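Chemist: Under the heading signal peptide, Swiss-Prot lists 1-21. Swiss-Prot lists N231, N294, N403 with the feature N-linked glycosylation site. Residues annotated as active site, charge relay system in Swiss-Prot: S240, D305, H343. As annotated by Swiss-Prot, active site, acyl-ester intermediate applies to S240. The coiled coil feature in Swiss-Prot is assigned to 367-388; the stated evidence is sequence analysis.
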Amino acid sequence: MCCFLLVSVLLATTLTDVASAQRWRQTSGGGKDRWDGLLDPLDADLRRDIIRYGELAQATSDALIGDPASPFAGASRYAPDAFLRKVRASDPDAYRVTRFVYATSSVRLPDAFMPRPAPSAGAAWSGESNWMGYVAVAADGVAANAGRRDIVVAWRGTKRAVEWANDLDITLVPADGVVGPGPGWTQPSVHRGFLSVYTSKSFSSPFNKLSAREQVLAEITRLLRAYKNENCSITITGHSLGAALSTLNAIDIVANGYNVRGSSRVPVPVTAIALASPRVGDDQFKRAFDSTPNLSLLRVRNAPDIVPTILPSAFFKDVGAELLVDTRRSPYLKNPAGPAQWHNLECYLHAVAGTQGAGDGAGFSLVVDRDLALVNKEVDALRDEYQVPAAWWVEKNKGMVQNASGRWVLQDHEEGNLAM
């Protein structure tokens, strides 16, 4: 009898694990239908997943020092240790940051892409590099519950996207080294600026002797080796510019075999959650992306946001599947609003939490209980009756502290914030 009960328990556990794994493959777009039937109406598990990864992307914005008066403009305010706790992530212990990522560019970009210290700020931490995100890995408990070890790459976006959107050129260049020609497509081309941020290096900068691409790929390789005996997944996420970098990063990992480990040669699935993403590449890039196995991308687009469509569709093509949301349907937000609110990531996540479909008659209901105050972190979007000040996410006293002599000095970062 005891043996029978033990076998029954083991069988039930195995069936539960299998069902959980199958469900995860479905919500990560890994099934043959790639989110078909899960987007309208939005599946409950997928809704929570989008918000989870969106919050990991939001952490990059929350930590960025953007004030050009600071010598540390363009750097992270916090060190990797306890990073998600410092940015007040909703589940700060679910992932552990293992590496910061830095980028530079060999071509001229809009100033908003990479904030840098003003000449009057004094000795700058770097004149060439910017902190561009991080790599993290799921904690033991989270991995055990999920049945897999999730590796996340979170790419930083820009705080002033509506300013750079109209200053963005439309130059396409071959995506050499990232993705090449294949069965059914010729050499893909991608946006020159996005590719430059992803692949540029500078031997004069200690932060970019390796490109952002090389830093991320090296860390993914290291983590896959560290967890070689576990089921793993790779999730890439970002908002705005970060979403464009996520798109490049995701196909790069799969096209060049960085998701294949050991003698088993079994590929690790790669999923990108791209929020408010501009288009990245041409029709050949689209063919390559949408034809590559073990690669899925979900674009989340707010209907009135101009950034996802700013690059002309005659030259640039959307990739992956699309989840369309509309912040104008929320009864909690000011209406009319403007481009800054429509593009803001917290407003996006609010829309994901409440969307009831893309149809004309679809309503809005916050089925995920996200704090309304988050909407006003960086913008003035929440209706006045909720009594939440606009753009309230600021460092106390803007980073000014009183030293031992009683004088006020700028101390807007913690020790170790320039870790690699």
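Each residue's number is its place along the chain shown, starting with 1.
Including glycine, each Cβ sits where the backbone N, Cα and C put it.
As the structure is a computational prediction, the values presented were derived from the model and not from experiment.
Let's see these features in context: how buried, what's close, how far.
Modeler: In this structure, N231 (N-linked glycosylation site) belongs to neither helix nor strand by DSSP; it is coil.
Its own atom aside, the Cβ of S240 (active site, charge relay system) has 33 Cβ atoms within 10 angstroms in the protein chains shown.
Secondary structure from DSSP puts S240 (active site, charge relay system) in coil.
The secondary structure of N294 (N-linked glycosylation site), as reduced to three states from DSSP, is coil rather than helix or strand.
In the three-state DSSP scheme, D305 (active site, charge relay system) is classed as coil. Counting every protein chain shown, the Cβ of D305 (active site, charge relay system) has 26 other Cβ atoms within 10 Å.
Counting every protein chain shown, 27 other Cβ atoms lie within 10 Å of the Cβ of H343 (active site, charge relay system).
Per-residue pLDDT, averaged across the coiled coil (367-388), gives 97.
Look at N403 (N-linked glycosylation site): DSSP puts it in coil.
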Chemist: Look at each of the glycosylation sites, N231, N294, N403, and point out the one with the fewest other Cβ atoms around it within 10 Å.
Modeler: N403
Chemist: Tell me, by DSSP, whether H343 (active site, charge relay system) is helix, strand or coil?
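Modeler: Helix, per DSSP.
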Chemist: Of N231, N294, H343, N403, which recorded positions come within 10 Å of D305 (active site, charge relay system), going by C-alpha to C-alpha distance?
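Modeler: The recorded positions close to D305 (active site, charge relay system) (Cα within 10 Å), listed in sequence order, are H343.
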Chemist: Checking the recorded positions N231, S240, N294, N403, which are within 10 Å of H343 (active site, charge relay system) at the Cα level?
Modeler: S240
Chemist: Looking at the glycosylation sites listed here (N231, N294, N403), whose Cα lies nearest to that of S240 (active site, charge relay system)?
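Modeler: Ranked by Cα distance from S240 (active site, charge relay system), first place goes to N294.
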Chemist: Fill in the CA-CA distance, N294 (N-linked glycosylation site) to N231 (N-linked glycosylation site), as an integer in Å.
Modeler: 14
